[in-house]
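Below is one structure, written out as structure tokens; the observations come after it.
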Amino acid sequence: MERRDRGGGSSSRNPHGAPVEEEEELEDDFEFRLPMSHRPTENLETEGLEQASVDTQLTSSNVGFRLLQKMGWKGKGLGKNEQGITEPIKAGIRDAKLGVGKQEQDDFFTSEDNVQRRKLNIELEETEEHIKKRELLALHIDICILFMQELLASALMILEHFGHFLFGGSFSCLVQIMTIQVIAEREQKIRSEVKEIQKVFFCSLCNKQYKLAHEFESHLSSYDHNHRKRFKEMKEMQSSSSRDDRQKREQQREEKELAKFAQLADAHRKQQQQKQEPSESSSERITMKNLPNPSNQDQRKTLKFGFSKMAPSKVPHISTTYFVKLI
């Protein structure tokens, strides 16, 4: 690499006093370049690499180990009396969103010692006695099935011969009809049992029927089902609030009507009292008039006894001229 100061013939120096040419030569020496024939490998070769871990002890080639040795550490415990820890603190992976003690609880439940799963049939150790019992039970079941089949076949043959003896050729048709009816009833019974079983996988909220359990579980965790469920809860809350409001309004209306009835009753009572007061006053006046006055009773007229001249007659004097005029 060439610079302008080289062309000038004078060697420039950096602020520290070292020549620039020497720095460039050092840079050229330390520059790392791959050869032209180099081909990159797909995977990293980890055979000669040593992975750093908290569980492995530090080697003497480690820079931190050498710094500790220079500071006076001899592989013993830290502290003045060498009573501290000899190994570094293990920094595990921790989620900052977890609460206090949650990580310990998760580690306890997820540890291999505490996790217990149900053993498979292959893992169960069967003894020879269990194997003999199982084979003997299966043999007894097979014998019972064969015996029942033979009894059923013999009973059908006897019934067929007896029917031919009684009814003739029409008995075979009757047997076929009976078998068809039995098969139809059996199928109907199976269908009803299947419907009863599938009722468990019926969603009444969405009005959907599922045949398998995992389909029903996936439906319960779906957005459609949860949306309908929340909508139904919202409607129920609104209806309950509207019902409460309606009851309050009815109660207020009843209270108003009762107040009106009480006001009317008070007004009617006051009117009756006002009507009774003048009638009572008039009756009192009448009774007071009818009663004798004590002052008048005391002041009675005095009777005079004695002889006096005859009082003039109060009969009017009719003159004769009046009669003459009438004639």
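Cβ from N, Cα, C; glycine included.
According to TrEMBL, the feature region 'Disordered' maps to 1-30, 233-300. Sequence annotations record features per position, and here TrEMBL assigns compositional bias 'Acidic residues' to 20-30. Under the heading domain 'G-patch', TrEMBL lists 60-105. For 242-259, the entry in TrEMBL reads compositional bias 'Basic and acidic residues'.
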>> Restricting to the domain 'G-patch' (60-105), what is the model's mean pLDDT?
In response: 79
>> When secondary structure is assigned with DSSP, how many helix, strand and coil residues does the domain 'G-patch' (60-105) contain?
In response: 12 helix, 0 strand, 34 coil
> For the compositional bias 'Basic and acidic residues' (242-259), what are the DSSP-based totals of helix, strand and coil residues?
Replying inline: 18 helix, 0 strand, 0 coil
